[in-house]
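Quick look at what Swiss-Prot lists:
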- Thr155, Gly176, Asp198, Asn239: S-adenosyl-L-methionine binding site (BINDING)
Amino acid sequence: MKWFEVAIKTVEEAEDAISNILYDLGANGVVIEDDEILKYPNSWDYIDENQFPKRNFAVVRAYFPESVNISELIFNIEERLKDASQYLNIGEGKIDISEVDEKDWANEWKKYYKPVEIGNIVIVPSWESYPNTKDKTVIKLDPGMAFGTGTHESTMLCLEAVQKYIKPGFDVIDIGTGSGILAIAAKKLGANRVLAVDIDDVAVKVARENAALNNVEIEIKQNDLVFGIEEKFDIAIANIIADIIIKLAKDIKNVLKEYGLFISSGIIEDRLDDVIKSFKENLLEVVEVKKLNNWCLVVARK
């Protein structure tokens, strides 16, 4: 069997949005080529950087069965990219199509996904074994088609922050939960009630599976950000993108208790000032800003 490989030339900030678009349109698998992977502290023992010429773009590759109507698919991709470009820098957005031989795209990436430690938390792929240890919080994870493996800088920053700010008994909401990794971490760190929401039904399904895998009780539901949520929480977490965080700044106080914290990440460094400005305009006190490579985390207090 042959597959169509759709390669889109983009920028790092748009990788996740474009990946989601391609999955929505029926991709059986997505691969991201990005120089930022060379910066992951736990991914490599040694790198000869001369073997990796620096590029200022990323490539998202998706794989579709040969039975797909390729003309219709390209049209739909172009339309979705046009829509995405209204709120996100997608870079060049050039689309290349080629035919490739059959491969197990859904499982190939698992060979490269290994346990990763962030502070006292260890993210362990569901198919890997890891020794039980009292001084580490182990989270078993199978991200499937949902964002959040623990290796992305924005997720690392969030995992460091939840360890710093979440106290036993806190109520926590995770907005745009993806794989459920941050909600699961919150529960394992002693949070009382944890609500995880995502607009994507695939993410909701994956998050529920990962919660069951970790034997934690988390309420997970499909929802558009905080729309319609009336409960109050000690901490709100959003690892999304800058534009959505800026949009959230107007409403986040409605779901926070007095002096509650908003932990936000997924912010590219070029958009950091915009996020901080939106927080100040909405009377949120910025209490911490942290950077990892060119990704940023901002913690604000109600």
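Note that Cβ sites are derived from N, Cα and C of the backbone, with glycine treated the same way.
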One finds that other Cβ atoms within 10 Å of the Cβ of Asp198 (S-adenosyl-L-methionine binding site) number exactly 28
Asn239 (S-adenosyl-L-methionine binding site), Cβ-centred 10 Å count of other Cβ atoms over all protein chains shown, is 27
Thr155 (S-adenosyl-L-methionine binding site) -> DSSP, reduced to three states, gives helix
